[in-house]
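Data first, discussion second: the structure below is written as structure tokens.
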């Protein structure tokens, strides 16, 4: 007999959507190599194609949060998957038409994928209790890492056997199948225990409001019996609460915990997106590896991150159940996700010049140290990615802690900041590489600086207390 709560069926389906999300993101990073050769693209044109996704992705973050709050995350998620799958489906004919047409399809993919985080957050905040939230968020956002790994693993063989258009057609069809299956899991259906928990919270909120009203009336009576009418007191109390259906944007931007999550999201994604874009080139250009080995080695850190996922959620939820304050749990998890990878990035910056030199010597038979240092560097990157998985129980849960009601809107804000490194970080890495000819200065040191800055801000300002405007 299956006793698993219904909400976990929904969580699994959202996780699958997130797998498809990153499969459709990384397919271009592999397919761009044969596409550029066939269509005669320059390096600048390759960069334009890669960055066009993030223009669409960043444009939908705030609208996604608002729309998910207004009409529900389940509908928005289905629309997002449908849109990015359509953009993926039409990419091959668009590429044959013009570079601009292909960029437009990647903007569509970015637009669709931009809806996914806020929509998923809205669904999870509605269906999943706080005691299970770390596991649910880790499972769903872990789908992104699984998608990166699966996409990198499948693209090479598919392109070799069926040509580069196959990675777009196959991944698009999988997305459209998901859209058809999504309503079958009843994503808006709540489990009885969650319904009871929500009723209890509403009763507690009503009690607190009644007590506040009584205290306000009593205080007014002590000051002057005739000075403040009761109706004015009630009007004052009502104004202090956001009206139903309206998102308190001003309160968000005056909230230090919201700024903590926003900064953390930007800093975490700086490392994630720049490494995602540049690792294959780093392995090929800095360490002298061929394209096939570069793609394989790029996969290893994502496998390490995926392997860490099953541990993160249960450990974090276990700390909460054992009485560790929720804010402390979030700070510990996000601290692991920042400080550990920063140390690894600094080590990579130190080792890369020696690895590049010995790798070059190894190809001529002068030295055998190149492969050893390459293995060390891959190991350091794998540790960095694995420790980064702890963010799934850190910043990615924090929106729902601060306000289940406005969690999707909050994620829209922070994900907008988190999308900026997709354009700025990737472009800046290329510019720094051209101007300094140093992978340490272009890739590893900026990433480490961002991670340490994010750790400091999050440790200082973060909180998991329900906010007064929630």
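From the backbone N, Cα and C atoms, a Cβ is placed for every residue, glycine too.
Residues 77, 81, 84-85, 113, 116, 120, 123-124, 127-128, 132, 136, 139-144, 146-147, 150, 171, 174-175, 178, 181-182, 185-187, 189-191, 193-194 of the same chain lie 6 or more positions beyond the ends of the signal peptide (1-21) yet place their CB under 8 Å from a CB of it. Annotated signal peptide per TrEMBL: 1-21, in sequence order.
What TrEMBL records for 10-466 is domain 'Major facilitator superfamily (MFS) profile'.
Note on the transmembrane segment (137-160): residues 11-12, 14-27, 30-31, 34, 120, 124, 166-167, 170-171, 276, 292, 295, 298-299, 302-303, 305-306, 309, 312-313, 316, 385, 389, 392-393, 396-397, 400 of its chain, located 6 or more positions outside it, place their CB under 8 angstroms from a CB of the stretch. Annotated transmembrane segment per TrEMBL: 137-160 (among others), in sequence order.
Residues annotated as transmembrane segment in TrEMBL: 166-185 (among others).
Among the features that TrEMBL reports, transmembrane segment is placed at 258-279 (among others).
Residues or ranges marked as transmembrane segment in TrEMBL: 299-320 (among others).
Feature annotation from TrEMBL assigns transmembrane segment to 332-356 (among others).
Long-range contacts of the transmembrane segment (368-390) within the same chain: residues 138, 142, 145, 268, 271-272, 275, 279, 287-289, 297, 300-309, 312, 333-334, 336-337, 340-341, 344-345, 347-348, 351-352, 354-355, 358-362, each at least 6 residues beyond the stretch ends and with a Cβ under 8 Å from a Cβ of the stretch. Taken from TrEMBL, the feature transmembrane segment covers 368-390 (among others).
What TrEMBL lists as transmembrane segment is 410-433 (among others).
What TrEMBL records for 439-461 (among others) is transmembrane segment.
Of the candidate ranges 258-279, 299-320, 410-433, 439-461, 439-461 has the most C-beta pairs within less than 8 angstroms of the transmembrane segment (332-356). The average pLDDT computed over the domain 'Major facilitator superfamily (MFS) profile' (10-466) stands at 82.
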